Each structure stands twice: as C-alpha cells, then as structure tokens.
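Worksheet: the structure to be examined is printed underneath.
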Amino acid sequence: MEIHLESQEQEMKYQSQIWNQICGTVDTSVLRCAIQLGIFDAIHNSGKPMITLTELSSIVSSPSSSSIEPCNLYRLVRYLSQMDLISIGECLNEATVSLTGTSKLLLRNQEKSLIDWVLAIYCEMMVVVWHELSSSVSTPADEPPIFQKVHGKNALELAGEFPEWNDLINNAMTSDTSVTKPALIQGCGKILNGVTSLIDVGGGHGATMAYIVEAFPHIKGAVIDLPHVVEAAPERPGVEFISGDIFKSISNADAVLLKYVLHNWEDTECVNLLKRCKEAVPADKGKVIIMDLVIDDDDNSILTQAKLSLDLTVMNHGGGRERTKEDWRNLIEMSGFSRHEIIPISAMPSIIVAYP
C-alpha cells in the first residue's frame with residue numbers, strides 16, 4: 001500500500017513524541033548535571049552577558065575533579081539550549097553561551113532560585129521511588145505510600161533521623177518561597193487586613209513567615225513544626241518558632257497559614273487538620289489561609305502539566321494529592337467552614353481562604 005507523504009510526516013511526529021518520552025529522564029539528568037558542574041553560575045559570575053565555550057570549560061569543575069572535555073561540554077550545552085536553559089551564539093568563529101530567562105531561576109545565592117528544589121527532587125532517595133510508580137498506582141489510600149515501603153519510613157520520619165535529608169527538604173521549601181514571595185505578598189494584602197497574629201502551620205524554617213512580617217510589620221508571626229525542624233531553623237526577626245505536632249495542637253491566632261501542607265495528605269487527615277485550624281482562629285473574623293495548587297483538568301497549558309507532575313510526585317512519595325476547585329470545595333465543607341474563596345496569583349499555587 002502506498003504511504004502518502006502526509007501520513008509519513010504525521011507518523012514521524014508520533015515517533016518523535018515517543019522517543020522524547022522514552023528519553024525523558026535525559027532532561028532531569030542534564031539539569032542536575034548542569035547544576036553539579038556549576039554551568040549557570042559560571043556564566044553569571046563571569047560578569048559578562050556571554051562567554052565562549054572555551055572560557056566555560058576552563059571555569060566549570062567536575063564533581064570527580066576530572067578536567068572537562070570541551071567536545072562533551074558542547075554536547076551538554078547544546079541539549080540545554082533545546083531545554084531553553086542556555087542560549088548558544090557565535091563570536092569570532094567560536095561558540096558562545098549565555099543565560100536565558102528560565103536559567104536565571106537556577107542560580108545560587110540569588111533572591112529567586114529553584115536550585116534547591118532541583119537538588120531535592122533529583123536526589124537518590126527520591127529518584128529510586130519512581131521505579132515503583134506502578135506499585136503506587138495500585139496502593140490503596142489507607143496504606144503507606146511507596147516512599148515508606150522503599151525506605152522503611154516516611155519522609156518526615158527520615159528527616160527526624162538524618163539532618164542532611166531534613167536540610168534538603170526545608171531548603172527546597174525555602175527555595176519555593178523565594179520564587180512565590182512577590183505573588184504571595186501581593187495576594188495577601190487584603191486578606192491580612194485586620195490580622196494582628198498569624199501562625200504558619202508546618203512552616204518549616206520560617207522563610208514564608210519572615211517575608212510576611214517584613215511586608216506587614218503589624219503582624220505577630222509564629223511557625224509551628226516538628227521539633228527536629230524547629231531545632232535546625234535559623235533565627236528570623238519577628239518570627240517565633242513553636243515545637244509541636246500540628247495534628248494535636250495549634251496555638252490561637254487571628255489567622256492560620258497552610259503553605260504546601262494539605263497536598264501531603266489524603267482527605268481524612270486534611271479534614272482533621274483543618275478542624276484544628278478552625279478551632280485556633282476566632283469564629284467571627286478568623287481565617288485559614290491555604291497556599292496550594294488548584295488543578296484545572298480542562299487546561300492543557302505548561303503550568304497545568306507542571307501541576308500534574310507534582311500531583312504524581314506527592315502520590316508516589318508522600319501519599320497525598322493535588323486538588324481541583326471541586327476537591328477544595330468538598331474538603332473545606334467537610335471541615336465545617338461556612339464559605340471559602342480561591343484567589344489565583346502569579347505563581348504555581350493559588351491562595352484559598354476558608355472562613356469559619
């Protein structure tokens with residue numbers, strides 16, 4: 001049977017899509033490698049808008065202390081260019097490299113950086129669990145997540161035993177806060193009107209609360225988290241740290257903040273926690289402020305794809321879930337709140353405010 005050119009082109013498109021998905025781990029490996037070699041920081045720290053490939057190869061260093069092979073470095077950089085993380089040019093017949101807007105979020109010691117998220121997500125303890133995704137799909141909601149079956153304990157329990165793992169988790173959350181801070185502060189302006197005390201439940205090292213009390217100095221801020229988290233937290237002006245179990249007791253405040261907490265749990269645990277939060281705020285003017293993802297199943301944008309990726313991550317590694325608007329409505333109603341509102345912001349999460 002004769003194959004028409006249009007069909008050949010369409011089949012080639014399908015093949016290309018499958019090959020890209022087959023080799024999908026290359027993206028994550030290349031990104032991690034670029035950070036390990038310090039490629040993005042080397043370009044940024046040069047003080048020039050672009051540097052030659054020769055200059056780059058002389059600056060970056062391999063974790064094994066071996067010298068960099070320029071030809072292999074070019075092949076890596078060429079792939080980073082396809083990922084829109086490096087821009088390749090030419091000057092005096094020599095290849096040059098420069099940062100893109102995307103890679104500027106992968107620099108160390110910057111106000112906005114997601115580098116610690118990369119290091120946490122791609123660490124060996126996380127990667128090995130992905131090999132058990134098929135088992136995770138068949139795991140009932142009332143059974144421990146696959147992460148616990150692989151490592152013997154859940155992520156929070158391991159964080160209490162291994163300081164390096166605890167640091168990895170909390171540095172990742174601080175990294176996310178650095179990126180979402182402007183949108184958070186802008187989105188919380190009206191919400192925090194009249195609020196004089198705020199407690200961040202499961203607030204880690206307090207980066208989010210530090211930003212809030214800096215922007216709203218009239219607020220008395222506190223963070224409650226597990227003892228090993230609080231012990232490792234740095235001192236932050238205007239932020240009080242409280243050791244405790246958030247499922248047992250939450251200090252009273254005008255408002256409670258839950259940032260990336262509820263997505264770690266199934267509905268039963270979330271309802272119990274939300275009820276605790278509801279008890280901690282005034283019945284007449286209290287607020288429970290949730291910062292979490294809201295998935296739109298009808299949206300096929302790159303943002304939704306990122307949210308769905310995180311949904312599978314929390315399913316596989318923590319036993320939780322990301323939620324749609326309908327999911328949030330049901331969860332908040334089951335927790336006994338009278339009403340809620342969802343406020344989109346210019347960041348991955350939305351702000352969800354539940355009123356007693």
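Positions of Cβ are set from backbone N, Cα and C atoms, glycine also.
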Site-mate of Y260, V261, L262, H263, N264 for substrate in Swiss-Prot, selected among D167, D176, D327: D176
Matching residue for the S-adenosyl-L-methionine site, where Swiss-Prot names M173, T177, D225, D245, I246, K259 - out of G152, G194, G202, G206: G202
Listed binding-site residues among Y260, V261, L262 whose Cα sits within 10 Å of M173 (S-adenosyl-L-methionine binding site): Y260
Other same-chain residues whose Cβ falls within 8 Å of the Cβ centroid of D176, Y260, V261, L262, H263, N264, the recorded substrate site, in sequence order: G202, L258, K259, M291, D292, V314, G320
Nearest-integer angstrom distance between the alpha carbons (Cα) of T177 (S-adenosyl-L-methionine binding site) and H263 (active site, proton acceptor): 16
Cβ neighbour count (within 10 Å, all chains shown) around H263 (active site, proton acceptor): 21
Residues near G202 (S-adenosyl-L-methionine binding site) in space but at least six apart in sequence (CB under 8 A): I224, D225, I246, L258, K259, V261
Least Cβ-crowded entry, counting other Cβ within 10 Å, from the binding-site residues listed as D176, D225, D245: D245
